């Protein structure tokens, strides 16, 4: 292994280089040369440590989190911190100790208390994100000398995303490690608890939820654990919690750091010098070399922007670049200092320096809190952030505003100082010569009466890039009887190609007197100073312009408030205006779960933990991408269309064939079987042959020896196109009459036209509702591993799918094999939500072609950006309604046209449209109804199933017109809802009669528990006292029909084996995707045989065990597979009965052995069909659903009317789930669905290249990763999050009186949407606007802000402005 000595120019370096080493989970590993291109994640997974997951590859989801420890010789202690392994270059952790989830604890040697707590608290559903959460928390605990606060715990999880749980159980699980003096906890110590009692993480009080005791009512946060304390702390080990904790390797304490000179793929050179002079020598030799610290920007450039760097210089070990010096006149910060270190030092400074000196430090502390996630802050450097010169950098406007100075050094050692304000020259251009590097930053203390403030608005508060940010400073000096501005700085990010100083505004301010008149004049100057073109990249132009004014207004109020009490400042800030500049403090989440346990036999009805939870918290649970591959395996990558609609003229694969590791390319002509595929009708091609109809359509597949080589080869395939006109939205489709054939559907009840003419409708309203789509964002990307057996006679696969049978069918179809020779197995999937119901089969089919033709195993795992582009989303909808009603609010007639954006193939879009039509009444009695639905053909990726399957879109349209009726009649929407409720005996517009309707009970119990009238009064009081913050509340009901709407799919099979030791193996057609299906089914089997749950095992779902299974979807799986398993168990019990009645057996094992001796068959196949369902579209009448699940939600939100930021203060959810099979799992489903729904209604916006987003290339998806697409984070959980299950209403129509739970709660989140609208209504009333207004979902900060009319928006928009949305 070479060192810098091998370079002639650097021969005098005097730096030695020994072997490069790394410890992983306590094992010493020597790193060979040639791996500079590898990330730590790739290295760990190649070692077989697959607990660390690849979720996104851009440091945005936290699934790849590991802990890195290194010894700091200066501090003489070990630093332990969490990092994103997907971004960390392998050589960046040389000389360190890496602990992955496998090193924390496992089932054989015992779980760590963190793992134990998360498993017990139901904090792991699909389990894919779980290792990341464990590692973030583990790193926090190891590095904390005293227990962390709850706030610190929530902050450390900001960089981790979960799509299943809704976060509340995760917070509860980790809360037991927090300081226990928190007000949330009572003064009960774990010692005073009775034996067998548990401390509830939700309330801090003893509760029965952890015990097996049968109590009628329980408050449960899972099996609570009393608070957990570390057993020891040392400067080397940090805090340890068990005797088995991995120690920091002594070798690394003694070892001197060495310089590195290593190489990687494609001639990449990696240097790690130890002294500044060698950095400068390298920079002189390689002027284009990239200086690296955390790789958080370069890693993304290389992976997503395909930028190739030849020389990387890691400066993490250069002392001169790592200084942190607190001086008398300010702080000097080395360019390589990590952001988390800067934050720590600034926080210390706040407590040590005089208040007037720390205004800028305070601003940095506030801004850094929302800067990326903890894992990124732990490695990203200050200098890296500055020199990247991103136009939306959160920190650069503050450096500029705070009079910071940058020290720059060149290769000759000459140092110059430049003001931050003059450092940024253009888009990602800075004032650095090719041989110069940033050495350090000097931040001066602020002076007396000098004020610096930070501002930022993003789509999501936590771990998100800014839409607009700012740093603003003024320095006031007393002049006669007033205060004059001696100096000022106003800098914005997100409004130009660089961080922009508003020079004219600055010049205008200097010398002016600080008073109210100044504000209005300054805003006028500012408006002309910041110019944004209408077609500016990033869009949202009106919103961004308004934010520049809002931020300045907030700053003005803040400074005036700081100066309150200072004579001569003039008027004090009005009390109602204080809310404009209050910085928001988030309280810890408090949750309660209220349900009754109704046991049935040994297991059914009890809140058991997920059967795989202990495997998931240790990283031992295996997913498709974790499947070990034999040595001759290949990796596949897809060749995809780059045009939305075009004819393929030619395909040149010569570049791919000369690519490293290339093993084959396969196009439409190479398919052995049929190329036409589709779940309902075969209207799409596996590989496009002549035309492409969307960006991302698959044209072929390339295989190579590694995943990266396959992707490289696929990119080198050159396709020539002849472009054709593209249809990119629902409106385009309507204008062009572009609909999928035979998809027009009509449902009618009564003569609607006659009703509108007859005078029964005293009032009539007409309007349009636009509903945005949603990305599934399952944490585990689409993945399949396929291999042949017997020389290609059979094909086997392991896939991440909700429908193994569809994989079997597609693969047999494209290979021309009988289905009996194709087997698909699925052990578990890392989230599905409908996104792996049909679209996943396409990817398995694509991978099967090379596997079959080459007779080699092939793995295809999609990168997150590819997955989001090509796997389809929730359908966007357009609803055009006409509603007639009486003057007291009774709805009389509904005429509705409903369109969904199906995309370029039909997929399941017709069934989604039908369910939307079935649910377009939500829960309301409407005498006359006509609903016409159409599925639009557009040139975007085919949209597909997603939790709710069209139901939520149909119900949201209904709630929109309900809310509008309330405005028209000046009544509350809740009042309009109540007078129109359906009840027992109501006949739906599709002919089904409601039975056992519990809507009113659910609604009334919710209303009682949330004290609705009191809440309304408190919100009104708050709104009267606060001009710039408003609260809103809403109560929304839901009714969700349970069954597949296609009758033939409502069938289920299961296979049950009883073994002679009394254990039971169950296999059924359903897939475990985190929803607890296997756990519930195992509970059914355990209760059927009266054996403990631990005696039942479910291994996997496989097409060779249970044939022809329907997809795991429609919320019906527990009903169907539970009943099928029960059927099989009953058959076996009936055979056992004669033996059982002859003897009194002491155990089930004895009975099983006796039956075996008597030659009784202990295996049975069970089957279930859902009875009494069927719908006829020719008559438009029938019973599409077996029963309905009812629910209602109360939500209170608070919005910042100046920025559009919002918080959910309270969410009370009430559901009728009959007698729950497992209340803890059901509560988890409700919470997870609500938070996912919150994303749909308020956070997650898909931006396609369409007429609304001209700055995105046509047909391309802009939001294709966690960097640009924001699902809810831990910070979006309601402060008070309460879930209750209705008691005493068994469901006679499903197994053990239970009800389905997966999809019904999703729509409850619409209460947050209407609460936001309620708050906006209060804001508009301030300027005298009480008219109804449209609000599209998602109600992002842009939509919220622009709907809150005030003096800052009026110069940009009119009162009916509607921000653009991709539908």
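Cβ atoms here come from the backbone N, Cα and C positions, even for glycine.
The feature active site, proton acceptor is assigned by TrEMBL to 1303. Summarising the environment of residue 1303 (active site, proton acceptor), the number of other Cβ atoms within 10 Å of its Cβ, over all protein chains shown, is 27.
Neighbours of residue 56 ([2Fe-2S] cluster 1 binding site), defined as other CB atoms within 10 A of its CB across all chains, total 25. If you look up TrEMBL, you'll see 56, 61, 64, 86 marked as [2Fe-2S] cluster 1 binding site.
For 126, 129, 162, 164, the entry in TrEMBL reads [2Fe-2S] cluster 2 binding site. The number of other CB atoms found within 10 A of the CB of residue 126 ([2Fe-2S] cluster 2 binding site), across every protein chain shown, is 29.
Within the same chain, residues at least six positions away from residue 384 (FAD binding site) with a Cβ under 8 Å of its Cβ are 291, 292, 293, 294, 296, 297, 335. Taken from TrEMBL, the feature FAD binding site covers 291-298, 371, 381-385, 394, 438, 456.
Proximity of residue 947 (Mo-molybdopterin binding site) to non-local residues of its own chain (separation of 6 or more, Cβ distance below 8 Å) is seen for 833, 834, 1233, 1236, 1302, 1303, 1306, given in sequence order. If you look up TrEMBL, you'll see 802, 833, 947, 1114 marked as Mo-molybdopterin binding site.
What TrEMBL records for 837, 915, 949, 1045 is substrate binding site.
Mean pLDDT for the domain '2Fe-2S ferredoxin-type' (18-104) in this predicted model: 97. Marked as domain '2Fe-2S ferredoxin-type' by TrEMBL: 18-104.
As annotated by TrEMBL, domain 'FAD-binding PCMH-type' applies to 263-448.
Cβ neighbours of residue 61 ([2Fe-2S] cluster 1 binding site) (same chain, under 8 Å, six or more residues apart in sequence): 55, 129, 132, 160, 161, 779, 1266. For residue 64 ([2Fe-2S] cluster 1 binding site), the nearest of the binding-site residues 126, 438, 837 in terms of C-alpha separation is 126. Within 10 Å (C-alpha to C-alpha) of residue 837 (substrate binding site) lie the following binding-site residues from 86, 126, 162, 802: 802. Closest by Cα distance to residue 802 (Mo-molybdopterin binding site), from the binding-site residues 56, 126, 438, is 126. Residue 1114 (Mo-molybdopterin binding site) and residue 162 ([2Fe-2S] cluster 2 binding site) have their C-alpha atoms 22 Å apart, to the nearest angstrom. Residue 164 ([2Fe-2S] cluster 2 binding site) and residue 915 (substrate binding site) are 23 Å apart (CA-CA, integer value).
For residue 381 (FAD binding site), the same-chain residues lying six or more positions away in sequence with a CB closer than 8 A to its CB are 293, 294, 335, 336, 337, 338, 339.
Note: residue 1045 (substrate binding site) has non-local neighbours 911, 914, 915, 918, 1175, 1184, 1185, i.e. same-chain residues 6+ apart with C-beta under 8 A of its own C-beta. Of all the binding-site residues listed here (297, 837), it is 297 whose C-beta has the fewest other C-beta atoms within 10 angstroms. Closest to residue 162 ([2Fe-2S] cluster 2 binding site) in space, going by CA atoms and restricting to the binding-site residues 56, 86, 438, is 56.
Annotated pair residue 438 (FAD binding site) and residue 86 ([2Fe-2S] cluster 1 binding site), C-alpha to C-alpha distance, rounded: 27 Å. Note: the Mo-molybdopterin site is recorded as 802, 833, 947, 1114; in the same chain, 832, 834, 835, 837, 945, 946, 949, 1112, 1113, 1115, 1302, 1303 also have Cβ atoms within 8 Å of that site's Cβ centroid.
Excluding 837, 915, 949, 1045 themselves, the residues of that chain whose CB lies within 8 A of the CB mean position for the substrate site are, in sequence, 908, 911, 912, 914, 945, 950, 951, 1044, 1113, 1114.
Cβ atoms within 8 Å of the centroid of the Cβ atoms of 56, 61, 64, 86 (the [2Fe-2S] cluster 1 site) belong to the same-chain residues 41, 53, 54, 55, 57, 58, 59, 60, 62, 63, 84, 132, 864, 1266, site residues excluded.
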